[in-house]
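Here's the structure, in structure tokens; my notes come after.
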Amino acid sequence: MWANLFWVWGHPEVYIVILPAFGIFSEVISTFSKKKLFGYPAMVAAIVVISVLSFIVWVHHFFTMGSGALVNSFFSITTMMIAIPTGIKIFNWLFTMYKGQIRFDTPMLWSLAFIPNFVIGGVTGVMLAMAAADYQYHNTYFLVSHFHYVLIAGTVFSCFAGLIYWYPKMFGYKLNEKIGKWFFWVFVVGFNVCFFPQYFLGLDGMPRRLYTYTQGDGWTTLNFISSIGGFLMGVAFLILCWNIVYSFKHSKREVSGDSWDGAGRTLEWATSSAIAPKYNFAILPEWHSIDDFWNKKQEGKSYLDDKNYQPIHLPSNTMLGFVMSVFFFIGAFGLVFYWYWLGLLGGLGVLGCMIYRSFQKDEGYHVSVEEIRATEEHAAHERETGVKEGNPWNL
């Protein structure tokens, strides 16, 4: 019962993790291919199918538990079926790049590395979906390698791609490309060196969650190689940290909201400056299609040309969300260790924040037309001169 209850939640959860990653890759691949996303309706349909199927596959985690041939067959089929919508997405990304003007910036490199590595993880997942063969794979390092190829190549690669892609939107400057490519290659090589040998360890019978083994098992060499790969990934993270520090000190500050040399396709790149003003848009843009921003750029149009400003209403700043999250942490931490008094304290804090917020009558404030005009004129001046004013790290 516990295994079923855990995995009926646990397996949909991994798709909840991967589906946003698919969105990041779709955005990055489309941007750096300078093409609209191929087969957008099919991509949406594939997400829906994956979401539905994710709730009827959990038994593949324990095919060897004795559920019976009929049950195992049903869940084996549903698990294999997920390869169909996922394959549709893979081919749509490939067709998006087909005949595109591909730029090999670091976000695109992470997206390109994702495809073959994720396919390796997916194919071995279909192997694990075969109930009869699972008696060989179950709870071995083959499984460990499979889910790392899916989750690291899928989710972690997408986090790196998204971090680098939206970094100028968050901080106003790009991470250094040269250091970024060192980070990319060291991590991707280390990832494959670490986890690919584990497929062979699993096929040779090495069980997961094993803290030691004898020399006679014959697993020493491949485990040593795997450890080298793990250290390489650790070195790659140090390179990323160095890139963040180096770029903070030396990267040129962006003056345009469209930071990737005009390649942006979606709304966030349409702001008047790299880091959007507190009101985001001086005039609410009219959007008529998915790639409307890109289409208007090709036509030489921009919403920034509209100067008919109106006061913009904004909510007031508040620390309440942060305070509430602290109480959530305290309560959850207490419940993990069965310290019910601490869990109760955190819960009361959360409830108190909710009650306090319910009785607040702050209706926010308005940004005046004069302030909007001054902000937009300052941003336009920076775009014309190419210089971010008042920045001590602008080189």
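Using the three backbone atoms N, Cα and C, a Cβ is placed for every residue, glycine included.
Now, the feature entries from TrEMBL:
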type	residues	note
DOMAIN	1-288	domain 'Cytochrome oxidase subunit I profile'
TRANSMEM	37-63	transmembrane segment
TRANSMEM	69-88	transmembrane segment
TRANSMEM	109-132	transmembrane segment
TRANSMEM	147-167	transmembrane segment
TRANSMEM	179-201	transmembrane segment
TRANSMEM	221-245	transmembrane segment
TRANSMEM	314-332	transmembrane segment
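The list of residues near the transmembrane segment (179-201) in space but at least 6 beyond its ends in sequence, with Cβ under 8 angstroms from a Cβ of it, reads 106, 109-110, 113, 117, 124, 140-142, 144-146, 148-149, 152-153, 160, 164, 219, 222-223, 225-237, 239-240, 242-243, 246-247. When Cβ-Cβ distances below 8 Å are used as the criterion, the transmembrane segment (147-167) is approached by residues 14, 17-18, 20-22, 24-25, 27-28, 31, 105-108, 110-111, 113-114, 117-118, 120-122, 124-125, 173-175, 180, 184, 187, 191, 194-195, 198, 240, 260, 268 of the same chain, each at least six residues removed from its ends.
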